[in-house]
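Feature annotation from Swiss-Prot assigns domain 'DHHC' to 440-490. The region 'Disordered' annotation in Swiss-Prot covers 1-28, 587-620, 709-729. According to Swiss-Prot, the repeat 'ANK 1' annotation covers 76-105. According to Swiss-Prot, the feature repeat 'ANK 3' maps to 143-172. The feature repeat 'ANK 4' is assigned by Swiss-Prot to 176-205. Positions annotated as topological domain 'Cytoplasmic' by Swiss-Prot: 1-297, 340-354, 405-483, 556-729.
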Amino acid sequence: MVHHDGADAHAGHAAPAQPPMKSDTATPKLNSEVELGSLPSEAHNDIMQMARVGDITGMEKLFAAGEYDATYSDDEGITPLHWAAINNQYAMCKFLIDKGAEINKKGGESVATPLQWAAQRCHYYTVHLLLQHGADPLITDSQGYNTLHISTFNGNVLLIVLLLHQGIPVDVEDAYGHTALMWSAYKGFPACVDVFLRWGASVHAKDEQGFTALHWALVKGSPGCIQKLIEYGADRFAKTANGKTPAITAQELNTVAAWQKALDECGYDEHGNAIVPSWPGASYLLQDRRSFMTKFTFLWPFVMVWATMVVMAGMPVFVGIPLGVLAGYAVQWVAQQVIAYAPPDMRQLQKTPWMAGIFAGSLFLCIMNWLLHIFGSTMFGQDSAVIPNLLFAFFISMTIWFYIRCMVDDPGFVPKMGGVAEQKAVIDELISLWKFDESNFCVTCMIRTPLRSKHCRRCQRCVAKHDHHCPWVYNCIGVNNHRHFFFYLINLTLSVVTYDWLTYRYLSTLSETASDECNILAPSLCRIVNADTYSLLTAIWASLQLTWVSMLLFVQFVQVSSAMTTYENMHGIDNYSATSLNSSFTSTGAPLNPPSLPAPGPSPAAGGARHGGRHAHGHNHKQGFIKQWSRLLGVDAFIETAAGRGATTGKGSKRNKRGNPYSRGCVTNCKDFWCDPSPMFGKHENGAAVLGGVPVNYTDMYESPGVMTSGGGGRRRGGGYESVAGEEV
């Protein structure tokens, strides 16, 4: 029996190696040697050669001679349309269809249609053309595969999304009962599995041997596929016709490690049973795990910061510092044990509100210390400091206000479509504009992505004018809350400065009667430390925050004056003509209007593990400790900007060589940002902003500023700028 991967699978075999085919018929001869090799020079082969290379002029002459027409087929039933489709000759396909080519004609050793030939090579522009002219995606070849099955073999997510929007049943089976979900799980394409599951594919469907998609995912052992299926409720104990459970299948195929890892990530033990913690009230608290974990990881850092401060303040320095660090680590260890029961996407502290909780806890302790100790001493004492106290009260109030706004407000999520019909209309429009690619369409949100937007994997939404995802506010910073974020940083800086000054005044007065005995410090410093160690530690801890806040403020000031976001500064702005058009024509072959468009490049990568530059959802490699904290604290952006390597300051950088289409000069850029008429304390209209003094909305801005100001329409090709692309900030 012939298989795609050369493996045998018999109905009675202990474990599957590959879904069985319908017959022993080989797949069509679609290798590069057949496509690109020299064809015989007989007249009946010349028509195929012309179709293969897209020679429309020659084809017209051949038809004019009257010997052949568009319905011609060879002895195997292969038509010119087959060869044009598989070689991505879009213009030739259009020409042949207009000349009456039989669009659903079967041919070749696999007895497949031109649509299936195009789908096998992931030529989704050609696929769309054929579908628009009546190609039937449900026709099967000699092995029982329809177009959706064939498209799944290569894992191209955009092609699968295109086909699903044509009304193809997502659970349609091949000759042996395999669904597209089973094939994508077997092939190890997590992105495809995710698309099918979100589209409603059944995780309980079984093939003729009784295998579910979960059984097939264990063949390749892709943890992402296995985990996603379990998350969507796949039966962990489903038995095949031979009584094989997924656990037995994993053992026979040596994929036990991937199986158990996926179970653990989803909250199950190695036997597939739900793990319930033994601590009191666990069953009640974990009824809504996500809600509980969000609240717990935000509030528990309050305890960690307080415990660390109290231990350090209450003991001698040589003992207090190590014990304080140990106390903080112990509290964090408890949190790590608790989040072991969190949803899969919250199993790491940096993916929870933990960092936001550390800041909020620190802020709370400083405010309480000011109210209980510093305020009374410095406000009503002999040498009162009324104005500094009032200033601190104002700055800290503004810090709290803008911090909450940054955390809870919509950062500028791009609205999703109302249904499948609207999504299909968007896809059809993008294809008509030659823009149906990873940079212009988000397969997770199923929307057209506006300029400067980016899909955030943490928020699972596309954010308009995305700046970065900030773990300290547990939210994205986008067009709606960017200015609030800036004011939060400014007021935080002023709050720390005034708090330090008030603490100094407070300790100076208190130290006059304090003991001057300590281990290593001078008597004058000993009196300050002994006066109120806890207040001194809170001031030191608050001052430490000025390091990352100062760097972040510097970077933000530079970027605002240059009309750039953090993401654009770190990754640059892609040029429209150099990226989008080249990407689109790698999928369309010969253009309908050759003089106006660039030549096609290499074929785009399949989307199994990664289906787009900006919208990549594959697994990232683990970063080192220093690099991870460098990103969390904004040190990497500061170094890039200060060293002149960022897009805002790098003069010779490739990322900056085409200039910034959003910049209108430093003064105008700052005016656009700071004088935005959107209310500071009221509700912000989603996506509203100002660009060059002109109101714009970044949730539906699809043309570059140059095109808009020149009055260009949606089909303008050259000189514009495309959406930014890359991985999460």
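Yeah, the Cβs are placed from backbone N, Cα and C, and that goes for glycine too.
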Segment confidence, the topological domain 'Cytoplasmic' (405-483), expressed as mean pLDDT: 94
Tally of residues which DSSP labels helix, strand or coil - the topological domain 'Cytoplasmic' (340-354): 9 helix, 0 strand, 6 coil
The repeat 'ANK 1' (76-105), counted residue by residue under DSSP: helix, strand, coil: 16 helix, 0 strand, 14 coil
Distant-in-sequence neighbours of the topological domain 'Cytoplasmic' (340-354), which means Cβ under 8 A and at least six residues beyond its ends: 227, 231, 265-267, 275, 277, 282, 286, 289-290, 293-294, 297-298, 300-301, 332, 458, 471, 474, 628, 632
